Structures are given as structure tokens and as C-alpha cells.
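Notes for the one structure printed next.
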Amino acid sequence: MVCFRLSPVPGSGLLMLCLVLGAVSSYALELNLTNSEKATCLYAKWQMNFTIRYETTNNSHKTVSISDFGAATYNGSFCGDDHNDPQIVMQFGSGFSWIVNFAKESSSYLINSISFSYNTSDTTTFPDAKKKGVLTVNDSVGFQVPLNDIFRCNSLSTLEKDNVVQHYWDVHVQAFVQNGTVSTKEFLCDKDKTLTTTVPVIPTSVPSPTTTPTPKEKPETGSYSVTSSNGTCLLANMGLQLNITQDKVASVININPNTTNATGNCHSKTALLRLSGSNIKYLDFVFAVKNDNRFYLKEVNVSVYLVNGSVFSIANNNLSYWDAPLGSSYMCNKEQTVSVSGAFQINTFNLRVQPFSVMEGKYSTAYPLSHRNLRSEMEKYDFTSRLCCRVLSKLCIWLIILLRLFCVCGLKTICNKVLKAKN
């Protein structure tokens, strides 16, 4: 844990910020805002990241992910007073700012709105950006929390507006803290209310250094889709089985499509399918176009709850799976394994996916051919070959007959000429 004590913010006392390096490509942020009497007046702990899509000078689009907040400052954060409501104001990176506004009512407080600003003039973060300058996205949140309760939302929450996708999870926040003591009474978001956590029984005996996961039955095949303003833009059918190894303990999780939500987005060169559920914060499949004529699975990001209460998160943006021509779908009915890392693999069953060029909400021709389709094609080829051979053989017979007739007629003509010459 790395702690920073920042200079006092006028009117708000001391500000303590603790940054804990998160699992993969994310930070857990913790903010303890104190007043002039050094008593806590606002407390927050959370994780977040941002995905920004922008247009380039050649009229294509690029996507950038923001998840490193190691150099964040909190200048302007404010406890609130009789005239002004509390704010969390955060600056990070090159020209990024993030502001959360709170409001107080008679017996509750509101997490009112979130404002996120970024500067496309930063050529390092936004190379070849067509539009330059500071862009701001404002989102109304409207979480109402009873006074003296701390708001908790471990589940993934997503805000999407104006080409910016904001992800939040493991959120704990309390504004208008009374008597400097953060409450232990939690007010849960709706997603956490439906989340049931099984507390494992800890054995008294010493466990073995490694464990073998209990074999799982084949997962149920789910049908997922992503829609845009033009209709369905991504289709996916697959059974998913997650294989996780953490602290020498192996786990196998079958994804239940009946309790899994699918979201995402589609662009000309990239497409995202995001799955989330009661025990899945997110499971991202990111597809990309290569050589302007093929697509493939380029990236997988995952964050899941384990039975011991911990969260497993990992990402890999340098994959190369499910390669197929644009305008077709990729299909494989056999079990396949996507190796994301040494600690995380995905087994897929009855896989069919098309992240680009979906027409009328239907799959295009599958590639590679399934065994059934391949056999059908081979049968057609075999029938055609046999038919051609029969036709050619008959043509050859007729050709031989014609040649024989020609030879016989030719010999008769030659003999007649010889006899006439002798006479």
C-alpha cells in the first residue's frame, strides 16, 4: 500500500489518499476527506476504469482504455458546508478529471452526478485524434442513501454516454459522515442485494499445497447478442467454462446463460462482447479486424467473485483466436481452450461467433466448416466427380469410335488411289 498525504484543501482540512495496486490494469482508490477539526467528513473506496472511443484524422476510430491512476491528485475536493454540497474532485494522467457531486436531503443523501473530462490534444494518449480539446461527459446517477449509512456496490456498474464507457466496482462511499466515524451500516445497490455469497468453511487441519478442481459437467450453451443503432451487430453462441488457479487453488466455473447479461459495442475495426452476472463482474471478449479482411479474438478481460470471497481479475490484449474471414462467422462445435494466462483459461463448447458484418440479425456462412457441413460438401464433391467421370468416359468411347471410323474410311480412300495408279 502506498499512501500520499496531500496539502490541505481550503475549507476542507486534510486529505488522505491511499492507492492500493489492484489485480490487473486497475487501482483500488481510497479517499478519507477530513474537515478543519481533522474529523472524517467524507469517505470513499472504489475501483474504476474508462474506455474512450474517438475519431482519427483518417476518419477511422480508435479506442483507448484508462485504468492507471497512480499519479492522481484531489485538489478541489470538498466536505461541503451550509452553502455548497460535497464533491470529490480527482485529476490524473494528462488532462483527465473526474468529479462526483453529492446532495443532502432531510433524511438521506444523494450520489448525484459524475462528470468525466479528457483532453484529446494529448497526442500520446489520443494519437491522430481528429477533434482536439477538452471533452466532458456528464452522467446523472441519483443513488439515494439514508444518512449515516455507507453505500456499497461490489457489483459492476456501467455508465455509457458520448463514446465513453465508465466501469465502477467495489464501491464504498459515505458523504456527510457524522462525528467523524464512518458507518458500519451498509446500504446496498440493487445488484448487490441479489448477490448471494457463500462463506466457505475453513478446515482446522493443514490443507494440501495444491488442490484439484472438482470436474464440472459440460456448460449450457448461451445465445448472446449486441445491438447498435443499426440493429444487431454481434452474435455469439457458446458454452463457457472458466478455469482459474489462484494461490495454488484451482476452480472451475460454468457460466449460466440464464443469469448472464450481455452488453457491448460495435465499431468498424473493433467489437466488444461483455458478459456479467451474479458471480461475474465482467467477462470481456474483444474482437479486432486484421489485414482489412479477417477478424479474430484479440483480447479477454475478466473479473469474477470466487467462493472464498476474493476477486480474481486478469487481462490479456495480445491473443489470436477464432480467426475467420470478414463476412463470415467462426464456428467450432468441439471443445476449445482459450489460454488467457497460466492462471486462467476458458473452455468453449458449441462455439459460433460473428462480431462484424451481421446482416438482418442472422449468422453468415460458418468458417471453418463444421464436420457435418464438411461431410455434406464432400458428398456433393464426390457425386459431382463421379458424374463427370461417367460423362467423360462416354465421351471417350464415342471419340474412339469416331477415330476408328475415320481410320477405316481413310484407309479405303488410300487403297482406291493406289489401285487406280496401277491401272
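Easy rule for this one: first residue shown is 1, then count along the chain.
Cβ from N, Cα, C; glycine included.
Unlike curated records, TrEMBL annotations are generated automatically.
A disulfide bond in TrEMBL ties Cys189 to one cysteine from Cys153, Cys233, and that cysteine is Cys153. According to DSSP, the secondary structure content of the domain 'Lysosome-associated membrane glycoprotein 2-like luminal' (219-358) in residues is 3 helix, 100 strand, 37 coil. Neighbours of Cys153 (disulfide bond), defined as other CB atoms within 10 A of its CB across all chains, total 24. Taking a C-beta cut-off of under 8 Å and a sequence gap of six or more, Cys189 (disulfide bond) has these contacts in its own chain: Phe143, Phe151, Arg152, Cys153, Ser155, Ser157, Val171.
In the three-state DSSP reading, Cys153 (disulfide bond) counts as strand.
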